[in-house]
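Data first, discussion second: the structure below is written as structure tokens.
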Amino acid sequence: MEKKATVGFTLLLLGVMMAIIITSMFVLKVEPHIPLVVCLLIAAVFGRYLRVGWNDLESAMIDGLKIGIKPIFILALVGIVIAVWMMSGTVPTLLFYGLSIISPEWFAVSTLLICMIVSSFTGSSFTTVGTIGVAMMGIGTALGIDPAIAAGAVVCGACFGDKMSPLSDTTNFAPGIVGVDLFDHIRHLLWTTVPSFVITVILFLMIGRSQATSTTQDIQAMLTALDSQFTLSVLTLLSPLLVVILAMRRFPTIPVLVVGILTGIITAAFVQGNADVARWFTIIQNGFSMETGNEVIDGIVNRGGLQSMMWSISLVMIALTLGGVIQRIGVIDTLLQSLTRKLSSRGHLIAATATSSIGVNVVTGEQYLSILLPGKTFESFYTKLNVAKKNLSRTLEDAGTLVNPLIPWGVSGAFFASTLGVDVIDYLPFAFFLFLSPFMTILFGYLGIGVGKEQSLANKRG
């Protein structure tokens, strides 16, 4: 008969795991993959101690992986999109015009706002980061902007749409699991989103004016290199435009990315004159490669391909497998139940919900679980304490959706790091919007700002 995991047992396991991960990443300076494998083995040993059968543990690993099949496939496709859009001249064209228009001091805030607009229209941070985000990173590199700052601006802007857009899957998922109307949920999000985003804009404005940048001569040399090696045409922008339009029309992400790849290949053939099928396959697999004569431009355009995403895909697979085992042996349930004790006030309830979402993100690396599990666990307590459930759905978004990109082994974190070429640990200090939002939701919960009672919500619906 299986044993039930106690709070002490749960804290011991999590403590051991976090010690391994933190020591490995910050002291030994190694990649997170093997430390997570070690944690997986330790979790399995703990599971056997609790008398969970090995077959059950294997099934839990498979169940954990099932959650990540779609994100993994998207990771692979985005790697291909990047390579194809380099080959087609799409990113070089955006880079050329971006260097001509955007001044260095306005780069950070411009990137933030551009990515915010695109993600709001598409509802997808992955699509935004993998398309316009890559182009903005290239512009930032050419302008001499710190890559960590550029990545922070891209991630903040991209995650705005993930949180606020009615087209976003998490924006629909969070209110859906707790029975809150979608647009009530979005309106309620404004209480924490507006101040967090305004502060983020101000911080990026301040940072932008203090950045050392490339000289005019350097920029002109890059423009010359781009113009000499690529056919820079508005036709190369049709592919990303089509991707954005299809995403706005709520087409599924995977078919949208496939369309982006196919139209990019067609553009490469007719605009760039690259009709070599064998070279297409090589670029799709290994990434775009060209010597432009400018070292900075070479570093920007020589990237992408399926192979470039294998680091992230393998990390996500290990993390999701670990998350499946952790969930199966009862660690997450025990952790959540321990947080539901002594919930006597609205502030404590919202703080406990946020802490749970962050904890599930850290333990499993999975965004949806960080919304689903705390949502179902705490839902009845919001009714019991007469706190409007739109506070619950808002907290799940602020601490679930937005924290995942801050976890190096999280699905979003691994994807953003691989796509932008900047480690999560490096861009984290500049991901202002992502950590300001959960802070605001906890603070407002205690201060009573932007919250309502369940009874008033019920009357409104009636």
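In case you wondered, yes, glycine gets a Cβ from its N, Cα and C as well.
Listed by sequence, the residues of this chain that lie at least six past the ends of the topological domain 'Cytoplasmic' (1-6) yet keep a Cβ under 8 A from its Cβ atoms are 13, 49-52, 329-331, 333-334. Annotation comment: Swiss-Prot describes 1-6 (among others) as topological domain 'Cytoplasmic'.
For 26-31 (among others), the entry in Swiss-Prot reads topological domain 'Extracellular', with the evidence type sequence analysis. In the topological domain 'Extracellular' (26-31), helix, strand and coil residues by DSSP number 2 helix, 0 strand, 4 coil.
Taking DSSP states H, G and I as helix and E and B as strand, the topological domain 'Cytoplasmic' (51-71) has 17 helix, 0 strand, 4 coil. What Swiss-Prot records for 51-71 (among others) is topological domain 'Cytoplasmic', and it gives sequence analysis as the kind of evidence.
With a cut-off of 8 Å between Cβ atoms, the residues of this chain six or more beyond the topological domain 'Extracellular' (92-97) that come close are 86, 132, 135, 138-139, 142, 223, 226-227, 229-230, 232-234, 236-237, 240, 297, 300-301. Annotated topological domain 'Extracellular' per Swiss-Prot: 92-97 (among others), in sequence order.
What Swiss-Prot records for 119-125 (among others) is topological domain 'Cytoplasmic'. Within the chain carrying the topological domain 'Cytoplasmic' (119-125), a Cβ under 8 angstroms from the stretch's Cβ atoms is held by residues 155, 157-162, 164-169, 171, 243-244, 247-248, 250, 253, 405, 412, all 6 or more beyond its ends.
Summarising the annotation, Swiss-Prot assigns topological domain 'Extracellular' to 146-188 (among others). Averaged across the topological domain 'Extracellular' (146-188), pLDDT for the predicted model comes to 92.
Taken from Swiss-Prot, the feature topological domain 'Cytoplasmic' covers 209-228 (among others), and the record attributes it to sequence analysis. Remote same-chain residues near the topological domain 'Cytoplasmic' (209-228) are listed as 92, 95-96, 99-100, 104-105, 107-108, 142-146, 149, 292-294, 296-297 (criterion: CB distance under 8 Å, separation of at least six residues from the stretch ends).
If you look up Swiss-Prot, you'll see 272-306 (among others) marked as topological domain 'Cytoplasmic'. Residue counts for the topological domain 'Cytoplasmic' (272-306) by DSSP state, with H, G and I taken as helix and E and B as strand, are 18 helix, 0 strand, 17 coil.
Per Swiss-Prot, the feature topological domain 'Extracellular' maps to 327-353 (among others); the stated evidence is sequence analysis.
The topological domain 'Cytoplasmic' annotation in Swiss-Prot covers 374-401 (among others). Here the topological domain 'Cytoplasmic' (374-401) is broken down by DSSP into helix, strand and coil counts: 24 helix, 0 strand, 4 coil.
The topological domain 'Extracellular' feature in Swiss-Prot is assigned to 422-429 (among others); the stated evidence is sequence analysis. The list of residues near the topological domain 'Extracellular' (422-429) in space but at least 6 beyond its ends in sequence, with Cβ under 8 angstroms from a Cβ of it, reads 25, 137, 147-148, 150-152, 155, 405-408, 413-414, 416.
Residues annotated as topological domain 'Cytoplasmic' in Swiss-Prot, with sequence analysis given as evidence: 451-462 (among others).
Remote same-chain partners of the transmembrane segment (7-25), defined as residues 6 or more beyond its termini with a Cβ less than 8 Å from a stretch Cβ, comprise 32, 34-36, 38-39, 42-43, 46, 50, 330-331, 334-335, 338, 362-363, 408-409, 425. As annotated by Swiss-Prot, transmembrane segment applies to 7-25 (among others), with the evidence given as sequence analysis.
Per Swiss-Prot, transmembrane segment is recorded for 32-50 (among others).
Swiss-Prot lists 72-91 (among others) with the feature transmembrane segment, giving sequence analysis as the kind of evidence. Here the transmembrane segment (72-91) has Cβ contacts under 8 Å with residues 126-127, 129-131, 134-135, 138, 230-233, 236-237, 239-240, 253-254, 257-258, 260-261, 264-265, 267-268, 271-272, 274, 280, 283-284, 287-288, 300-309, 312-313, 316-317, 414-415, 418-419 of the same chain, all six or more residues outside its ends.
Here Swiss-Prot flags 98-118 (among others) as transmembrane segment, drawing on sequence analysis.
Residue counts for the topological domain 'Extracellular' (327-353) under DSSP (helix as H, G, I; strand as E, B; rest coil) come to 19 helix, 0 strand, 8 coil. Taking every listed stretch (189-208, 251-271, 402-421) in turn, the largest tally of C-beta pairs under 8 A with the transmembrane segment (126-145) is reached by 402-421. Of the ranges 229-248, 307-326, 430-450, the one with the most Cβ pairs under 8 Å to the transmembrane segment (32-50) is 307-326.
Residue counts for the topological domain 'Cytoplasmic' (1-6) by DSSP state, with H, G and I taken as helix and E and B as strand, are 0 helix, 0 strand, 6 coil. At the 8 Å Cβ cutoff, the transmembrane segment (430-450) and the transmembrane segment (251-271) share fewer than 3 close pairs (sequence separation 6 or more) and do not count as touching.
With a cut-off of 8 Å on Cβ pairs spaced 6 or more residues apart, the transmembrane segment (402-421) and the transmembrane segment (307-326) reach 3 or more such pairs and are scored as touching.
Across the topological domain 'Extracellular' (92-97), the DSSP tally of helix, strand and coil residues reads 6 helix, 0 strand, 0 coil.
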